[in-house]
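Pulled from TrEMBL:
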type	residues	note
ACT_SITE	35	active site, proton acceptor
ACT_SITE	175	active site, proton donor
BINDING	8, 66, 142, 143, 144, 145, 175, 176, 177	substrate binding site
BINDING	33, 35, 66, 175	divalent metal cation binding site
Ligand SMILES: O=C(CO)[C@@H](O)[C@H](O)COP(=O)(O)O
Ligand SMILES: [Fe+2]
């Protein structure tokens, strides 16, 4: 599977959101990662439907919506209507995860599950065949620009082993503290989707940085 780059618009300039999305449209980004935070599941509030609708209006690429919200079932339909292509929920936020995943698929979206840094990958064993994507949080969710947690490599390898055994087409997404320096080793561990917020938007040349991430991830493992 080709490695995908999913810049996170959490780090975009919201005063120039249309400009930043158009930059992503013209770049080598594969998806646009959209971080939704409710101030309850995580200690931060990002944005909701009006912003997502603007992103959908201008974006020409799939929207990879990462829901950091409690009880996401309440809003799945609204996120699909607002333009989500993929919807990822947190395992820690769902009481009936299997039901939530089926509901996402019934809406015609692809379904993912995210794991916080402390949540063991083994909890995915009985749901892995139902998933399109697993998102490994390599920082504690809630903020961009944090330092990568090294234990995440082990978790990516564990997800890759599950994927090889039960679901070979799984997207294995790594989110938090990803940059040009760790992209190659993350792909070597088994990740095939790299989310990058600050690495892209704080760079002097964001579209070149996306190319750099792509080149680094596609290089033979070093
Ligand atoms: O979900 C989250 C944070 O909760 C991420 O998607 C961040 O937005 C990634 O930002 P960087 O760590 O790459 O700056
Ligand atoms: Fe995210």
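Note: Cβ is positioned from N, Cα and C throughout, glycine not excepted.
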Where residue 142 (substrate binding site) falls in three-state DSSP terms: coil
Secondary structure at residue 177 (substrate binding site), reduced by DSSP to three states: coil
Cβ-based neighbourhood (8 Å from the centroid) of the substrate site, residues 8, 66, 142, 143, 144, 145, 175, 176, 177 excluded: 10, 35, 139, 141, 146, 195, 197
Divalent metal cation site, defined by 33, 35, 66, 175: further same-chain residues with Cβ within 8 Å of the Cβ centre: 6, 8, 10, 34, 64, 65, 88, 135, 195, 197
Annotated recorded positions 35, 66, 142, 144, 177, filtered by Cβ under 6 Å to ligand 2: 35, 66
Alpha-carbon distance [residue 66 (divalent metal cation binding site); residue 35 (active site, proton acceptor)] in Å: 5
Local Cβ density at residue 144 (substrate binding site) - other Cβ atoms counted within 10 Å: 21
Nearest recorded site to residue 33 (divalent metal cation binding site) by CA-CA distance, among recorded positions 142, 175, 177: 175
Residue pair residue 175 (active site, proton donor), residue 8 (substrate binding site) - Cα distance, angstrom, rounded: 9
Most Cβ neighbours inside 10 Å, all chains, among the recorded positions 8, 66, 142, 175, 177: 66
Entry from the recorded positions list 33, 35 having the most other CB atoms no farther than 10 A: 33
Between residue 66 (divalent metal cation binding site) and residue 142 (substrate binding site): CA-CA distance (Å): 11
Residue pair residue 66 (divalent metal cation binding site), residue 144 (substrate binding site) - Cα distance, angstrom, rounded: 13
Span of 8, 66, 142, 143, 144, 145, 175, 176, 177 around substrate - largest C-alpha separation, Å: 16
